[in-house]
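Straight out of TrEMBL:
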type	residues	note
SIGNAL	1-17	signal peptide
DOMAIN	74-481	domain 'Major facilitator superfamily (MFS) profile'
TRANSMEM	119-136	transmembrane segment
TRANSMEM	143-163	transmembrane segment
TRANSMEM	169-190	transmembrane segment
TRANSMEM	202-224	transmembrane segment
TRANSMEM	236-256	transmembrane segment
TRANSMEM	310-328	transmembrane segment
TRANSMEM	340-364	transmembrane segment
TRANSMEM	371-387	transmembrane segment
TRANSMEM	393-416	transmembrane segment
TRANSMEM	428-450	transmembrane segment
TRANSMEM	456-476	transmembrane segment
Amino acid sequence: VLFLSLPLLLSPFQMIGQVFMVVDVPHHCDTSWIRAVGPNLTEEEQLNLTLPRDMDGAYEQCSMYSPVDWDLGSIVAYGLNTTEKCSSGWVYPSTQPPSLLTEFDLVCDRKDLNDISQSIYMLGLLLGAMIFGPLSDRIGRRPIFLSSILLQGLFGVGIAFVPHFYVYMAFRCVVGASVSGILITTLALATEWVGVSSRPKAVLISHCFVAIGQMLLAGLSYGIRNWRLLEIAGSAPMFSFFFYIWVLPESARWLVTKGRIEEARKVLQKAASINKRTIPPGLLEQLKPETQTKSGSTLDLFRKKHLQKVTLIMSCAWFADSLVYYGLSLNVTSFGLDIYLTQLAFGAVELPARFCCIFLLQWFGRKKTQAVLLLLSGLMCLVITGIPEDQPVATTVLAIIGKFTATASFSTSYVYSAELFPTVVRQTGVGLCSMSARVAGIIAPLIHLLGQYHRAIPMAIFGSAPVVGGLLCVLLPETRGTDLADNTGAAAPQLSRRLEILSKRDTTEDEVDLEKDV
């Protein structure tokens, strides 16, 4: 679980690190053309002659007076009247460290490229869910996890050397796909290697590393203001995980479903030896596939009625989770703190949200926890729509509570989905759910644009989706304390499950009873 969690420390950097690379700075059009006729002008005189002023008396940032072929005396005497958009680029404060905004001129008409690049990253997450989910069901969890780490490191560092913003966006798309691959294979390996009693802890501990990574991002971005160096600092550590090739095991449960019995025996024996446990040799010899299991596909999720219901409802739950999570994250801007302290606060809110899920899932079960958290996050957004604009503190407090419940709901969805889908289609199912979440992530910024028609519309949408999702979750089965299913039919605890129990160091009373049965 520790090995699976460490790469997640860098996931927040890839997801929201761009926020710190596009910090808005004062800028104006480059009007150095006038230096040809007035080489001795001061900077203030140059700006006064070549830039129009806005209603507040400040220089316009996105327009300039059209260049003319007059001499300096005529320009001073008659002035310039015709304006145009910046045609020769922009000028930024000389003390400003290189940033994405200043290096690629993400201002004025090019300002939208910043939001577009975030959507491109989300598209990468979507593509990663589509590609790596089914692929890991076919070729294994371990190779997908390792290749995703390599991709994130290579293309993450590569971003620091891109010469053009469109190349930057293409690299970001690949990084997004690799992050998605890491997230969904971490989920599968954690749930398939850990016993029933500790399964939620394993998944949610890995999620806590994401929250810690958010807080580390605040310090990293505060200390490194050069965007290229920041990109290297947030991506290069991925190469330190190369030793996983030798220490990270494949899922024994997946190996059994693929008929690779000898490999499954070896990894189970290794687990037993590390935990100082013994597996009876006769029991290992009995290990064989329960049935001739073939790789699952997306169609399998819709052939069986119970899987069809699980797939549709969990896809709605993930969509609602993502929509309200990113919707609130983009809207909470009234902390009164600088951007680095705000990011620290975001991470601080997420850590207890993810941690408390460990206890909520054990006490109340998966279904109740998922439904209630979705309903609460939606209700917070709906209440915000009725708060006057002159009450920013109340709005911010409700938004933080909503983000807390949305974060906890997202973590719950990971655990619940992994338990609802059988092994042969687990990655495919979780990948499909992840796809719906990424679609929500792409459209969340677009929903904010509806605020120009009425300020309550975005929050009403962000609030309605999780309320509907929470009500639908009532129709799902409870999975607390149940064994993972291996195939798409009804599944009882199989021999592979019993062997996993015998290879573990810690046992619960239920597991001891099962061991006695063996």
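Yeah, the Cβs are placed from backbone N, Cα and C, and that goes for glycine too.
TrEMBL: automatically predicted annotations, no manual curation.
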Any chance the transmembrane segment (169-190) and the transmembrane segment (119-136) have 3 or more Cβ pairs under 8 A, given the pairs are 6 or more apart in sequence?
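As far as Cβ distances go (cut-off 8 Å, pairs 6 or more apart), the transmembrane segment (169-190) and the transmembrane segment (119-136) touch.
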Give, as a single whole number between 0 and 100, the mean pLDDT over the domain 'Major facilitator superfamily (MFS) profile' (74-481).
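PLDDT averaged over the stretch: 83.
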Pairs 6 or more apart in sequence, C-beta under 8 angstroms, 3 or more of them: is that satisfied by the transmembrane segment (310-328) and the transmembrane segment (119-136)?
no
Are there at least 3 C-beta pairs under 8 angstroms linking the transmembrane segment (456-476) and the transmembrane segment (119-136), leaving out pairs fewer than 6 apart in sequence?
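Checked: the transmembrane segment (119-136) vs the transmembrane segment (456-476), no contact.
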Would you say the transmembrane segment (236-256) and the transmembrane segment (143-163) are touching, if the rule is that at least three C-beta pairs must lie under 8 angstroms and be 6 or more residues apart?
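Counting Cβ pairs under 8 Å, at least 3, so yes.
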For the transmembrane segment (456-476) and the transmembrane segment (340-364), does the number of C-beta pairs under 8 Å, pairs 6 or more apart in sequence, reach 3 or more?
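Touching, no - the transmembrane segment (456-476) and the transmembrane segment (340-364) miss the threshold of 3 or more Cβ pairs under 8 Å.
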Are there residues at least six beyond either end of the transmembrane segment (428-450) with Cβ under 8 Å to its Cβ atoms? List them, or say none.
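For the transmembrane segment (428-450), the list is 115, 118-119, 122-123, 125-126, 129-130, 132-134, 137, 180, 183-184, 187-188, 296-298, 300-301, 307, 310-311, 314-323, 326-327, 330-331, 413-414, 417-418, 420-421, 457-458, 461-462, 465.
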